[in-house]
């Protein structure tokens, strides 16, 4: 299969517009990726001709819509190589997925005096829920620090895991630094360390950034949980996926109560809950979002996951080389990375640089990127972040470099 970025761009009409008199250069896909026509049209078709509430109706439209939603569950299981569709829980996004784990798994398995391990490179979505829970339960949160290259030193892990470590929760791909963590090796090492101390350790991987750049095989990774959002994968917002190992989901209590997640409700006899994954899907789901997610998976699969990765890696190599031509530009993170490039320009505030770039039609992200510990690590308040996607071109990178050089001249 031959990957053609020119052909891919035809699937994204938003990229044809001009911003401030310049062709749009969209380098903010790590925040949210643009949507291809096929995803938009599939959602529209469903709403126009097929929409109905799912799971509880016996009429034709409801039964058909239920089959479509459940087919996407099977599709996602296949896409990330889960063992069963029953290991796929639909959530609003990565943030809700991690909060679900914290409030269900965490309350069931983590006790006062226990500890968990997170890393210094985490998005706030994989920090705040654990601190909120720790305030209530009283467990310790241990932090795996970054090294000078923006990577994790695996030798340090042995000092963090002991017999009372219940969870290791870390990102697959840093949303700021582009660091690709060696997930399989980390998990293998962590499990070995826990086994040596007769501990019971589970592993959560935040796949929000990795899902659009890498093929994911949760069985090969040997993680217990893997979470990601649809809108990073060229799908709609408001829908995401929590993969959970079935034996764990079976043992976890529901987090939210309501319709659809029960077997029986009796004011006299009490409540019995549905089996996973439906136990964790209270209320009416984001039906159209699920349909759109299925269309997004169809789209990226049709392009070829290996081909996408090759295109993006070649583009990253090109971008890293070209950005070094900008004299006062400081890069953050490792030389080998995927998806995102964090930088600052001289002593200029990231907000000012981003505002100037916008005048040239270039969309990047500025700020702390919901990763304040990373900012603290590098002793800065904010960074600029350019991110790559399937529709990014070398011409986009060239435009960024030229604009940064102009800003250097303007701001001094």
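The backbone N, Cα and C atoms fix where each Cβ goes, glycine too.
Keep in mind the model is a prediction, meaning the values are calculated, not measured.
Here is what Swiss-Prot records for this protein:
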- 370: active site, cysteine persulfide intermediate (ACT_SITE)
- 232: N6-(pyridoxal phosphate)lysine (MOD_RES)
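Distance noted between the C-alpha atoms of the residue listed as 'active site, cysteine persulfide intermediate' and residue 232 (N6-(pyridoxal phosphate)lysine) is 16 Å. All protein chains considered, the CB of residue 232 (N6-(pyridoxal phosphate)lysine) has 28 other CB atoms within 10 Å. In the three-state DSSP classification, residue 232 (N6-(pyridoxal phosphate)lysine) falls within a helix.
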